[in-house]
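**Student:** Following this message is one structure expressed as structure tokens.
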Amino acid sequence: MEKVLVFGHKNPDTDAICSAIAYAELKKELGMNAEPVRLGEISGETQFALDYFKVEGPRFVETVASEVDNVILVDHNERQQSANDIESVRVLEVIDHHRIANFETSDPIYYRCEPVGCTATILNKMYKENGVTIRKEVAGLMLSAIISDSLLFKSPTCTEQDVAAARELAQIAGVDADNYGLEMLKAGADLSGKTMEQLISLDAKEFQMGNAKVEIAQVNAVDTNDVLVHQAELEKVISAVVEEKGLDLFLFVVTDILTNDSVGLAIGKAANVVEKAYNVSLENNTATLKGVVSRKKQIVPVLTEAFQA
């Protein structure tokens, strides 16, 4: 049987990795020869989850067409966030919870996108719909994805469906969602030992906003100053990325997991759009973004609107 690769976006977060594992497992149970892979390094937060539930991380690939003809995308749909040669393969399915942009296919496909906080929430439904029991380890990974995407249920992207799914999955996994979740988020907020290049690419995504090419990277921290003490070095590596990719804006967002506020570091010729979007003034290229924790709901649509205004 021909193999199908299942993967999340480049610079994968916990949902991208864990949903690839969970959906590949469901597809295997349903008779498909599916393998989860990843398009980037595994973060400290994700590694904590994998270690805790004793699951091996997926192997790394940059391109897929040399291996398979068909792929399944989870936690993304935009071409620039996917495998480098995504145009050379057929996308069979997409399971996602983001905006739909820069995506088209030549054939009809199974496309499931729901306005929930996490792909794993959708997968929890799909396991039930197909009558497949979720293994304890996989339930733990799916729970980890929901906790990560919802910042332990505090993000505005978090829905009642996400909370309900997390409670169900925690029961299967045999953990207390709140205690485990805080441990996991703290592991993810430990940025010690990371280079500046790693910091700005840990969780970075490119977007087309009107005519502007924008990259938004986000890291979580227990204290934003722990990251911003390196601002001069960060600006240097960000400026290099802006030049290399021809970006109009690179927004580096440092989110405080205790206060649920963020600080944005904006570099690029369109940095002023951040000021317009949030009604703030950039001082030394930074501004506090009060109550902003979600790239998907509080940054991408706000900036997109500002660029198109």
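Including glycine, each Cβ sits where the backbone N, Cα and C put it.
From a predicted model like this one, the values you see are computed outputs, not experimental measurements.
Swiss-Prot lists these features:
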type	residues	note
BINDING	His9, Asp13, Asp75	Mn(2+) 1 binding site
BINDING	Asp15, Asp75, His97, Asp149	Mn(2+) 2 binding site
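Describe the structural context of these features.
**Tutor:** For His9 (Mn(2+) 1 binding site), the same-chain residues 6+ apart in sequence whose C-beta sits under 8 angstroms from its C-beta are Ala16, Leu39, Asp75, His76, Gln81, Ser82, Lys205.
Secondary structure at Asp15 (Mn(2+) 2 binding site), taken from DSSP and collapsed to helix, strand or coil, is helix.
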**Student:** So for Asp149 (Mn(2+) 2 binding site), how many other CB atoms are inside 10 Å of its CB?
**Tutor:** 26
**Student:** Determine, for the Mn(2+) 1 site, the additional residues of the same chain whose CB lies within 8 Å of the mean position of the CB atoms of His9, Asp13, Asp75; present them in sequence order.
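**Tutor:** These residues sit around the Mn(2+) 1 site: Gly8, Asn11, Pro12, Asp15, Ala16, Ile17, Ser19, Val74, His76, Gln81, Thr119.
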**Student:** I'm trying to understand the geometry here, so how far is the Cα atom of Asp149 (Mn(2+) 2 binding site) from the Cα atom of Asp13 (Mn(2+) 1 binding site), in Å to the nearest whole number?
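**Tutor:** About 9 Å separates the two Cα atoms.
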**Student:** Taking the Cβ of His97 (Mn(2+) 2 binding site) as reference, which residues of that chain separated by at least 6 in sequence fall under 8 Å from it?
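**Tutor:** Asp75, Cys113, Glu114, Pro115, Val116, Gly117, Cys118, Thr119, Thr121, Ile122, Lys296 - these are the non-local Cβ neighbours of His97 (Mn(2+) 2 binding site), listed in sequence order.
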